[in-house]
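Colleague: First the structure, then my questions, so here it is.
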Amino acid sequence: MSIKTPLFLASALAIAAGTSAWADGHATTLTIATVNNGDMIRMQGLTDDFTEKTGHKVEWVTLEENVLRQRVTTDITTKGGAFDIMTIGMYETPIWGANGWLVPLDDLSAEYNVDDLLPAMRAGLSYEGTLYAAPFYGESSMIMYRTDLMEKAGMEMPDAPTWQFIREAAAAMTDRDNEINGICLRGKAGWGEGGAFITVTANSFGARWFDEDWNAQFDQPEWKEALEFYVGMMEESGPPGYATNGFNENLSLFQQGKCGMWIDATVAASFVTNPNDSTVADKVGFALAPNSEGVEKKSNWLWAWALGIPAGTQKEAAAKEFIEWATSTDYIELVAANEGWANVPPGARTSLYENDNYKDVPFAKMTLDSILAADPTDPTVKPVPYVGIQFVAIPEFAGIATEVSQEFSAAYAGQQSIDEALAKAQALTNDAMEAAGYR
Amino acid sequence: MATQHSRSAARLMMAPAVILLLGWMLVPLTMTLWFSFRKYLPLRGGDQGWVGFENYVRFVSSSSFWPSVQTTLIIVGGVLLITVVFGVLLALLLDQPMWGQGIVRILVIAPFFVMPTVSALVWKNMFMDPNNGLFAHLWKFFGATPVEWLSQASLPSIVMIVSWQWLPFATLILLTAVQSLDSEQLEAAEMDGAKPVQRFGFIILPHLARAITIVVLIQTIFLLSIFAEIFVTTGGAFGTRTLTYLIFQRVLESQNIGLGSAGGIYAVILANIIAIFLMRIVGKNLDA
């Protein structure tokens, strides 16, 4: 064997190794933290499409909502660098954006068409006009109800009912012997769970978290009225143990046919009408979230689950590619092709609501109407110094509201009176606000 | 007998391990102490300087502090009582000759190998759920209204879940002690006319004293920092917020590192007080 053969083989090996190293360097593995909601689970199933298109791989860290918030907040404040993309919401994005903790998404490609994002979503995910997270789906809250049970009760759901009507209808639908509860609502402690729901309910009774000088308002009659109404209605017509129920628990109850009505995120509509998961898929109607008689504000919120990139990640370019893929119109069409138009992530893009295919989806219009009816800059009857409907957009809110919602959950469970819960909420909120320098 | 030279060599060889272990404990403890005197708010611009004892005063004067200490002590006391009483009974039962003894013992010990988060999830969703849980179905079968375990009987529920996890540990230690008991002594007592209760009270229980002491000491150390079971089931609501959980809320949910660190130091002090108390009361059993 001449010397040329080994030399040739060695060169070929070197080139092969070099090419493989380049390929490894080019193909990136992204670590993405996300919430265990159905749309995100669906996205995980479609990740191969992204990998095929870009060569980048994806590792998912899927967590329950409360846990996700703590994990990503800790990671970003300590600059832990565990994630390349984080699933965050309208509460975190402006605060983190202001701190310079997120990569600005001001250079997304022309095909992405950032102007197509619903204005409310885009505004809620921006800080000083710069987008810091792209909405994967947007939501408000609305009523989902069983048309068959409503008919059986001899009632008809108006498009925009009041709480008083809802209470009456819930009582009429309740059939405890057959495990049917007139209404299922959140009571689980946690600012984004029961805390979010009771806040919008209170808004619709004319209550607010703070006055214009950041004094807590739990000692005001509107809060008491809202809580008394809520506890009274749930005792009459709610499921057992509602004080520990959050979004997923109520979704499961509704899908099992155990709820006459459920007021929660608009995004749930696709899950309750999906015959693969829901036993009542063909018997669900929709209506706007209720308001109390004489109060103009409805109990609907505004939220987006969005994808943001923590500043300092080494994989910024690949992360942006993923965000463009996951929040694009192409992705929406991919889901539609695989699972039907009813299952596409809703509430993020204007074009979706102009799409003829989507107009036939039974909850499309009500979702859009609910989103458009929510205004985070004017969330309550009386004036407030904060932005946000089901939250107050200040860094201290998550800690305060979690404790407040714990006090409320204890009242729902009958462990303390409504007056006790409100007094404790008032004291702990004022203490925390004073310590934070607001008062 | 070790020479001066070999003793020096031993010290030198042990030094890395000792330094590592000291560092392992001292670094976090020193950092906690350091942060506890500082206003450290990651969401509000980070470390904002020295605040003296302000965090300590705020933590202890918060309306949540004493209830959380009380909850911690109730959970620790409840679990200790259940595990020791049932541990002794189970140990005596498992000591009896029976068919399939090996399998029974493995089954009894099995819960100890289940992760706390997993067992808490199983208890929450499969047993205690008031709509779909096994207990709810049992209650309904007998015509009773299902108990809303985690909201209406939250502390007993947590004690039950944790006891289920720790009972195997207690049983295992106590079984070993029961097996080391001289059977001739029991036979002699029986021949002298001692009744079963007397045999248990005057022979078996004193013999188990050391093992019970070990169970109490080891379990107390772990139970003072109980967290996962509460996090998964109630999220600290319904009066189940222990001191550890309160510290977690201050640090992670409120993002107040200084305040949480002061809480951490209080927890260390509390743990030491309990440890000294326990050593004085029950630790004397270990001297023999």
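Just so you know, glycine gets a Cβ as well, placed from its N, Cα and C.
Sharing the record's features from TrEMBL:
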- B:69-278: domain 'ABC transmembrane type-1' (DOMAIN)
- B:12-37: transmembrane segment (TRANSMEM)
- B:73-94: transmembrane segment (TRANSMEM)
- B:106-123: transmembrane segment (TRANSMEM)
- B:158-179: transmembrane segment (TRANSMEM)
- B:200-224: transmembrane segment (TRANSMEM)
- B:230-248: transmembrane segment (TRANSMEM)
- B:260-282: transmembrane segment (TRANSMEM)
Colleague: Count the CB pairs under 8 A between the transmembrane segment (B:12-37) and each of B:73-94, B:106-123, B:158-179, B:230-248, B:260-282, then give me the winner.
Modeller: B:260-282
Colleague: Any contact between the transmembrane segment (B:106-123) and the transmembrane segment (B:230-248), i.e. 3 or more CB pairs below 8 Å with pairs at least 6 residues apart?
Modeller: yes
Colleague: Excluding the flanking five residues on each side, which residues at least 6 beyond the ends of the transmembrane segment (B:73-94) place their CB within less than 8 Å of a CB in that stretch?
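Modeller: Distant Cβ neighbours of the transmembrane segment (B:73-94) are 101, 104-105, 108, 155-156, 158-159, 162-163, 166-167, 169-171, 173-175, 177-178, 204-205, 208, 212, 215-216, 219-220, 223-224, 226, 242.
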Colleague: Restricting to the same chain and to residues at least six past its boundaries, which positions have a Cβ under 8 Å from a Cβ of the transmembrane segment (B:260-282)?
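Modeller: Hits for the transmembrane segment (B:260-282): 29, 32-36, 40, 55-56, 58-60, 69, 72, 212-213, 216-217, 220-221, 224-225, 243-244, 246-248, 250-252, 254.
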